[in-house]
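See below for the structure under consideration.
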Amino acid sequence: MNDPATRSQVLRVPALSRVEGETALHLRVHEGTVEEARLNIYEAPRFFEAFLRGRSHTEPPDLTSRICGICPIAYQLSACRALEDVCGVVVDGQLAALRRLLYCGEWIESQTLHIHLLHAPDFLGHDDVIGMSRFHPAHVERGLRLKQTGNAVVELLGGRAIHPVNVRLGGFHRTPTRAELRPLAERLRTALDDARDTLRWVAGFDFPDAECDADLLALTEPGTYAIESGTPAVLPYDRALPRRGFPLGDFSEHVTEEQVPHSTALHSRLDGRRHLTGSLARYALNGHLLSPTALEAAREAGLGAPPLTSETEDGRPGEVCRNPYRSILVRAVEVLYAVEEALRIISVYERPARPYVEAPARAGIGHGATEAPRGLLYHRYALDGEGRVTDARIVPPTAQNQGAIEEDLRRLVQAGLDRGEDSEDELTRLCERAVRNHDPCISCSAHFLELDIVRTPGPV
Amino acid sequence: MSVPTTSRPPSRPRLGVFKFASCDGCQLTLLDCEDELLGIADALEIAHFLEASGDPAPGPYDLSLVEGSVSTPEHVERLRRIRAESRHLVTIGACATAGGVQALRNYADVGEYLAAVYARPDYIETLATSTPISAHVPVDFELRGCPIDRGQLVEVITAFLAGRKPGIPNHAVCFACKRRGNVCVTVAHGTPCLGPVTHAGCGALCPTYGRGCYGCFGPAGTTNLPALVPLMHRDGMGDEDIDRFLHTFNVTAFTAVEEEGPG
Ligand code: SF4
Ligand code: SF4
């Protein structure tokens, strides 16, 4: 086992758990050097982009939500924005605020699920949340309560937590009254304390050193932490290069997809380079737009001031957190922010006169993107004059992050090998953690992590 | 590192949760049973549930919950193994029960679909159809919905533990809609609604939110589809619209009803 130079074999170890969907992992180690780390996503292809063609322009929000049960709101709202873009419709005012409220519910629910049920067991040395609950019952109960509150937001506005029915082109089928939102506000106030406690809890975890060297991509929106709308912005890894942005309509020119033989998920690149979307990218690009309390809590939890914060303007450079293990901290900050934001929206809510604005079909191409909990989710539709979809393109966050995850795997396994961690168990644990750091949602791209290590012998 | 199991009876029934082509929404419903989750984990040994738990244990399983449809050659093989290892096999959701939304391919040319999504279709292994679990192995109970309903899932697990049949009524959404006191969207607003022919379970959500039911629980036990068609025509739908309306989340199930008449 400890002399890789004399080994040539394939090792198989148990499937990767605690990710949404399933995937396999392939590692090639030659003379103690990781030569290749591949995420083999072989989720059965489900052909959404193909069968959307011929459907009416009102249908993609309900249909595409079935791509992923973990972030249906992200799919519904990215689809709505793209279709509204074709129809020349802008949804604003209280309807836009309600959409953001609904999305905050999904952020709270999904990020909390990942923090407590999927990711924290890694830091505390448990196989799963059930095992963890025996030793840390209060933390698990708080997580479940917080998740329930997120679900309650989605259920009230959407009807149910998974594949909600109330979202439609132009807004909602039915908007809530102020009185209906009141009980939600009460639960959210409890959630505010729970979110703070969660952040303090995860801040006490032990974070291994690591750095992800990908360019960071997130939507940005003037004056607010982008969630349900925005324009793509990039923070390059190379600090000598400036932060840049591009119009959403040019997304396909910048983020190109490439099919690789080992995966049903397409691999994307941003201007030819590896990139990462999601919590770390959002915090780096938009952290300065968080609420003062969320920022303060982030700093207390040990996250540096994000670049562009007011105090960094007088000289002190901000910090970009690129440690994928620390993404759990950023997620916890985002939960806190989403709870505050939900409370804010409810406090100024006035029921709009109409639940939706009419979005009559017209021929054209439209683009829509939103910040799914796992990162930027882009949709593009082409419609004919009758409102039939003639072409659909969907770029989920996991497909974009795949390259960065593989590079992370390569580095972390190499570091492990260099420390002499060479057993199947140790390597599997490292790989699983590396993948879970990114909370990949494999259902949206594609199944089943089996580690398969091929070790080839060196020259004698 | 694993934690030693504490004071539980060693012979709790063993639960397996398995996934085929799906969105993970139905198994997520199990994690969304926040109030019951730890109780379920006490009553059952969660032997295999990749989404939530590390260290999947081999069979046999006393209860297997299966999500997703069969759509690759590998699925067919894996499903047979799971069936052979499971005492009770329950399908959860429209994908597992009726092929799901991805069964839209069953009416199309999959080669052309592959070419539309992938530059190198030859890298992809897929079947030309997306079929329900029951098309391949015997199934003990089918729980419907896209997604399934949390209450119904808890009922199925409770019934299994008690050794009785799940109490899931076979009536239509209209029934639940009346009981909820909704104004009928078809009668009041001329909104097309699949409530009369759709299996109850969602609590008549769509009409409650002011829209017509879109059939995500599939056909109800006593469905008279032909009687609904003229109503949909009256409310402005053409034949093609009706066809799309019926063939979305339970594509094959409504087709079967159309072909065979009320079940
Ligand atoms: S039935 Fe619906 S919710 Fe369940 S796995 Fe299939 S697509 Fe997802
Ligand atoms: S709204 Fe739909 S489900 Fe409700 S009673 Fe009318 S037809 Fe039936």
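Glycine too: its Cβ is placed from the backbone N, Cα and C atoms.
The Mg(2+) binding site annotation in TrEMBL covers A:E49, A:I394, A:H447. Taken from TrEMBL, the feature Ni(2+) binding site covers A:C68, A:C71, A:C441. The annotation Fe cation binding site is assigned in TrEMBL to A:C71, A:C444.
Here the features listed in TrEMBL are placed on the structure.
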| residue | record | Cβ within 10 Å |
| --- | --- | --- |
| A:E49 | Mg(2+) binding site | 20 |
| A:C68 | Ni(2+) binding site | 29 |
| A:C71 | Ni(2+) binding site | 29 |
| A:I394 | Mg(2+) binding site | 23 |
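Cα to Cα, A:C68 (Ni(2+) binding site) and A:I394 (Mg(2+) binding site) are separated by 12 Å. Contacting chain B by the Cβ rule (under 8 Å between Cβ atoms), the binding-site residues A:E49, A:C68, A:C71, A:I394 reduce to A:E49, A:C68. A separation of roughly 18 Å, to the nearest angstrom, links the Cα atoms of A:E49 (Mg(2+) binding site) and A:C71 (Ni(2+) binding site). The two recorded residues, A:C71 (Ni(2+) binding site) and A:I394 (Mg(2+) binding site), show a Cα separation of 14 Å. When secondary structure is read from DSSP and collapsed to three states, A:C71 (Ni(2+) binding site) falls in the coil class. Annotation note: A:I394 (Mg(2+) binding site) sits in a strand segment as assigned by DSSP.
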